[in-house]
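Swiss-Prot lists 169, 170, 171, 172, 173, 174, 175, 176 with the feature ATP binding site. Residues or ranges marked as site 'Required for activity' by Swiss-Prot on the basis of sequence analysis: 362.
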């Protein structure tokens, strides 16, 4: 094959015309040292705090420390392939994660990459993980209920949309179970749920995902997982990644719920990073800004005012205590940031009272305004009744003779405790809760044996659903107990009692 001379010259001319000189400038540096997920980099003089740097092999790192002669970088992945002398490139970008409906139903890592084997994530929008919380003017007070389906919480420590309610307790007291029930209860509310697993075992996260899938809740839930085997920087950043994904719905006028399981492990990961970055340690060796670590995260949960779309983000952070010590550093920090706490106690758990909620120590500081009127009417005195019952039960142990009124309070209290027990993964609709609380607090269960209370409640609710569905529907729509509903409910319970056999 011969090419003519004029053809060669034509090809060369075309090549010259299409040649474009492109100079790409990037500021580079060199790795001084690396270990435990932290790298020291020399030479990137203009790097900014929280900026991403690119290491060999595409590994990203986030700038945390800016010092005179080098920068401290948290590596967002395994550091095994990085060695001293490796080149590092500035990206000029802030760490961002995918947001939008595409993340729903997926299990992601803190970088927003899918780890569930269901194919790539086709996200159209990305947002930075560190965003400013809404200001004072942008907010509105909490006034809409966010039912959890758990009787003890919805009656005595109600949660509203936009609230931060801490779930606190020792290990193995059912903290995660409470939060999973809260997710299951959102099936028909349109609230999007996000579950952030920080420092959990992989088996635990797999079990949570499996449970949500089994109950049909995975379609409106996203799991962000930074397990115990992940490097500390990923455990630290995972909560912010999840928050950014959830905020997307708050900002477009929808409602979202986010669960951080748990912030104790996030604080431990942050402590590890801070000590490796040679930041000065404070109380319990945590760095001085560990309060800010949690406050800037939890302040992003808010009820937004009507002019900004009236969306909300509700947060349920979990804190694990050691031997019930709520006065330790991290628990007191998070208690002071949140709008109340649900305290779970091992003694109650072991006594078979599950969920093991200590009513005396649990409180909701803003949820009362969000509680529906019907629930206020039936559960208003419940906390007081239970507190009196606990006090009298301790006194009655001495075996002294009790008068009729005291005995009646003890009997009613024992029935209330029994009524508040609830099986796992069975959240109860609010109208059914109101009906059973009404029967208990108005003395309609006083003649039912304590051991038969749960059977009585289940059969009574079945009776109401099948034969008197109009009563439950009226409670659901009117959200209050007027004289007519009350009379019909009382008559229905009396009718059911005639045929009930303990």
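Yeah, the Cβs are placed from backbone N, Cα and C, and that goes for glycine too.
What Swiss-Prot annotates, mapped onto the structure for a quick look.
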residue : record                       : DSSP (3 states)
169     : ATP binding site             : strand
174     : ATP binding site             : coil
362     : site 'Required for activity' : coil
Round to a whole number and give the Cα-to-Cα distance in Å for the pair residue 362 (site 'Required for activity') and residue 171 (ATP binding site). 17
What is the number of other Cβ atoms found within 10 Å of the Cβ of residue 175 (ATP binding site)? 25
Listed in sequence order, residues with CB under 8 A of residue 176 (ATP binding site) and six or more positions away: 204, 208, 261, 318
Residue among the binding-site residues 169, 174 whose Cβ has the most other Cβ atoms within 10 Å: 169
List, in sequence order, the same-chain residues at least six positions removed whose CB sits under 8 Å from that of residue 171 (ATP binding site)? 320
Tell me, if you would, which residue among 173, 362 (recorded positions) has the fewest other CB atoms within 10 Å in the structure shown? 362
So for residue 172 (ATP binding site), how many other CB atoms are inside 10 Å of its CB? 12
Using the Cβ center of 169, 170, 171, 172, 173, 174, 175, 176 as the ATP site position, which other residues in that chain lie within 8 Å, going by their Cβ? 320, 344, 346, 349, 356
